[in-house]
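Peer 1: The structure under discussion is supplied below as structure tokens; questions concerning it will follow.
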Amino acid sequence: MSMKLPHPPLGEEEPSPPPQRRPRGFASGPAPSAGAAGPPRRRSVREREREKERTKLRERHRRAITSRMLAGLRQHGNFPLPARADMNDVLAALARAAGWTVHPDGTTFRSSNQPPLPPPPPQLGMFQVASGETPAFINTLNSYTIGTPLDSQASALQTDDSLSPSSLDSVVAERSIKTENFGNSSSVNSLNCMDNNQQLLRSSAMLAGDYTKTPYIPVYASLPMGIINSHCQLVDPEGVHTELRHLKSLNVDGVVVYCWWGIVEAWIPRKYEWSGYRDLFGIIKEFKLKVQVVLSFHGSGETGSSDVLISLPKWIMEIAKENQDIFFTDREGRRNTECLSWGIDKERVLRGRTGIEVYFDFMRSFHMEFRNLSEEGLISAIEIGLGASGELRYPSFPERMGWKYPGIGEFQCYDRYMQNNLRQSALSRGHLFWARGPDNAGYYNSRPHETGFFCDGGDYDSYYGRFFLNWYSGILIDHVDQVLSLAALAFDGAEIVVKIPSIYWWYRTASHAAELTAGFYNPTNRDGYSPVLKMLKKHSVILKLVCYGEEFTVQENDEAFVDPEGLTWQLMNAAWDHGLPLCIESALPCLDGDMYSQILDTAKPRNDPDRHHASFFAYRQQPPFLLQRDACYPELRTFVKCMHG
């Protein structure tokens, strides 16, 4: 065991120690005093925790810088980097841009010298393929070479094994700056001057080359929400014809139509008006497109996510004037009028009907009205809205209540009916003092570490916390079971779809606070989605997942321990384990090839021995879609072709 010796007295010579590298970024600080002496002080638990937090901050900062540099290389340098590019991909692309040749096994040499390709060694070197997604882009990178002079680029590529990840990031930044500012004008300027059509064709070729002979996945495009007005009338039939004609030219398989409870049963209970939807389905039938119907039992526009305001039925709002407990309620007593509380699923407070009976009557009316279209195959699937925004979740982060990303949200269990249910559950456990919501769970815009309930080692993992979260998530699962049981009776064998939210912020923390308030008991020590998916498997439904593009995650990467890919991977694996079919929906309009590639990777996972793939893809467009036609037409058409395989 080596011991730290004190400094020798003045006048004696001591061999100078080897120079040590100073840490970079957040780790940098003043150098230790040369005259410091004495035994090393034992670090306290608090200091170790602070150091861990500083390490997390450094890593998040480094990843954010890397993501921005990769985005800059794609956008300004025309580098076709994969959606999940690692440092090997970046160095290989830069080497090819400098005129070097890089083989898939990592062999690198100047293009002027063309040695034969050696057999791959057992252990690959610095340029090894590190991810499962990288090999599919190798052919693209090999065929993409920029003739930049070697002497102007070689210095940026001289690295050694002692460089840290942050040092490699610096090399990438230096290389990108040199390419942009001092590169060969004949190569770089020619790329910058390349017109949009050539870029789209290149991206289209990349997509088409990667997804040939893959399973056929139908593609559906969502129609605008305001296509039917509040009186259930089709607003612009000619505009619908134009829209469908364009979508038909893209070879999409069908469209997604939202049927709003607040429009169809707006004024009088059990009086349903379907005329506008009947006209719309007739036009869609002319174009021989299929229809996926979304039965929306929630309001829209109140969260600021849409310009179209659609409330719950007027007769529901009349009942709420006398009994506001029919709505979800937060700890301060504020009511959320976006959807009905699950506490009234079995309470006859809606003019003699329960919440479940109201949903069933609406579903049965739809089936009776459009049974012939289902039998003809025009209606291919029906999505059932099960909560806020049509997703299976509590309305735990409403913008109308002041919530802003990345707040953890609040529990929505303080209406009279939910509180009665909580009291009964606590009594059955013999702990009446548990019949309450957490009083230290923060507010809508709190962070997990700011609360006593969600912080590391917080009350969420105590005996009371586990009881409350089991009850809270159990209400969600019970709601799913009841609604889907009646949906099976109403639609008699039709394909049923249920949408699961993608609550990806705070996913890389211990408590997963935002998921807990939304009803998914999914901390790091528990799989909170399996009980939900087990219930969905019982009713043989299709699970719909939301896919976020890379540019959407980059700008939020350093905000709140986000991990949309990790959450999607957990849900996909859990669904496959339970034998559930999956479908994908885009969270944002697709505007570039990177997002198309990421969606394709999610819908058709590569190197999957079981050959899992999505059942269909729902494309969320930005109305009016025709404004994007000239810019997005070539890429979108190729994307549809890749989905079709």
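Cβ coordinates come from backbone N, Cα and C, glycine included.
These came from TrEMBL, pasted as-is:
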{"type": "ACT_SITE", "residues": "Glu391", "note": "active site, proton donor"}
{"type": "ACT_SITE", "residues": "Glu585", "note": "active site, proton acceptor"}
{"type": "COMPBIAS", "residues": "25-39", "note": "compositional bias 'Low complexity'"}
{"type": "COMPBIAS", "residues": "46-56", "note": "compositional bias 'Basic and acidic residues'"}
{"type": "DOMAIN", "residues": "46-194", "note": "domain 'BES1/BZR1 plant transcription factor N-terminal'"}
{"type": "REGION", "residues": "1-64", "note": "region 'Disordered'"}
Peer 1: Would you kindly give the Cα-Cα distance separating Glu391 (active site, proton donor) and Glu585 (active site, proton acceptor), rounded to the nearest Å?
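Peer 2: Answer for this pair: 12 Å between alpha carbons.
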Peer 1: Please list, for the compositional bias 'Basic and acidic residues' (46-56), how many residues fall into helix, strand and coil according to DSSP.
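Peer 2: The compositional bias 'Basic and acidic residues' (46-56) comes out at 11 helix, 0 strand, 0 coil.
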Peer 1: How many other Cβ atoms sit within 10 Å of the Cβ of the residue listed as 'active site, proton donor'?
Peer 2: 20
Peer 1: Just counting, how many other CB atoms are there within 10 A of the CB of Glu585 (active site, proton acceptor)?
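Peer 2: I count 22 other Cβ atoms within 10 Å of it.
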